[in-house]
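Colleague: Per TrEMBL, active site, proton acceptor is recorded for 67. Here TrEMBL flags 63, 65, 143, 213 as Zn(2+) 1 binding site. Summarising the annotation, TrEMBL assigns Zn(2+) 2 binding site to 67, 68, 213, 271. The annotation domain 'Metallo-beta-lactamase' is assigned in TrEMBL to 205-272.
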């Protein structure tokens, strides 16, 4: 099975703490990293947890609050110092381009690589990036400013060839790829063996859904339905539900309810308010509703199975 992981670089909310950096994560599929959000200090965490900065080609920014973007100018500067030449693609709310252009102009930073901006759609779900291995979709969340979540899904896999049938019909190597792609196999005597008899179904494509700053927002359930791993912000414990709603954030219980209604397999809680040193009560709030709940900790890596 191809490795598919998410590494937590930052799990705090607006105020970083001595134990938690602001929001940032690295999703890795087939050794290719994808960065989600870039809070202050993200490049330090990238180095600390051995993510390869030079291989980052796509950065996905959920919204334009500082705790999700303050690390970008420094990261771009470091990429330039390291001699980057290839294009960097940033998927974000369009004003981010103006913010970074002002920073670049002020510091007279000349980068030898191009930053390509892709504006997000905050009204409806949309496929924003795709290659042979992965598809990334954005979907609207509900915060004080325009905000999107992201879903990272493996592309559908080709079926597996049945070893017994390969030997029975002495199928040559050059025909095997065609069979995996859906072609039938013709024997020397003219008989046709349907490809379904020669293959076994591939495993279900795995997916990871990321829901950061948002009030409890059921319209997002369709976009996270059936995720193998769901990250959902839980800025506050259940006893602060009124304040959570006032600030357009979620409680642990609301995150767990979203996971339950979406039939997710596992839930990661994060974006914890700096007021909490011990987050076990927050996790317990969620586990009472959705038992397969875990806390995001800086440096933790979760495997998507």
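FYI, residue positions are counted from 1 along the chain as it appears here.
Heads up, the Cβ atoms here are built off N, Cα and C, so glycines get one too.
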Colleague: To the nearest whole angstrom, state the Cα distance for the pair residue 68 (Zn(2+) 2 binding site) and residue 213 (Zn(2+) 1 binding site).
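Modeller: Pair distance, Cα basis, whole Å: 10 Å.
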Colleague: Taking the centroid of the Cβ atoms of 63, 65, 143, 213 (Zn(2+) 1 site), which other same-chain residues have Cβ within 8 Å of it?
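Modeller: Going along the sequence, the neighbours come out as 62, 64, 68, 141, 144, 145, 147, 212, 214, 248.
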Colleague: Between residue 213 (Zn(2+) 1 binding site) and residue 271 (Zn(2+) 2 binding site), how far is it from one CA atom to the other, in Å?
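Modeller: On Cα coordinates alone, these residues lie 8 Å apart.
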Colleague: What whole-number Å value do you get for the CA-CA distance of residue 65 (Zn(2+) 1 binding site) and residue 271 (Zn(2+) 2 binding site)?
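Modeller: The separation of the Cα atoms works out to 13 Å.
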Colleague: Could you give the Cα-Cα distance between residue 143 (Zn(2+) 1 binding site) and residue 271 (Zn(2+) 2 binding site), in whole Å?
Modeller: 14
Colleague: Taking only the Cα atoms, work out how far residue 271 (Zn(2+) 2 binding site) lies from residue 63 (Zn(2+) 1 binding site), in Å, as a whole number.
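Modeller: Roughly 14 Å, rounded to the nearest whole number.
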Colleague: If you average pLDDT over the domain 'Metallo-beta-lactamase' (205-272), what do you get?
Modeller: 99
Colleague: Which one of these binding-site residues, 63, 271, has the sparsest Cβ neighbourhood, judged by other Cβ atoms within 10 angstroms?
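Modeller: Looking at the binding-site residues 63, 271, the Cβ with the fewest others within 10 Å is that of 63.
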Colleague: Would you mind checking how many other C-beta atoms are within 10 angstroms of the C-beta on residue 213 (Zn(2+) 1 binding site)?
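Modeller: Result for residue 213 (Zn(2+) 1 binding site): 27 neighbouring Cβ atoms inside 10 Å.
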Colleague: From the centroid of the CB atoms of 67, 68, 213, 271, the recorded Zn(2+) 2 site, which same-chain residues not already listed sit within 8 A by their CB, in sequence order?
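Modeller: Filtered neighbour residues, in order: 13, 14, 22, 23, 37, 39, 62, 63, 65, 212, 233.
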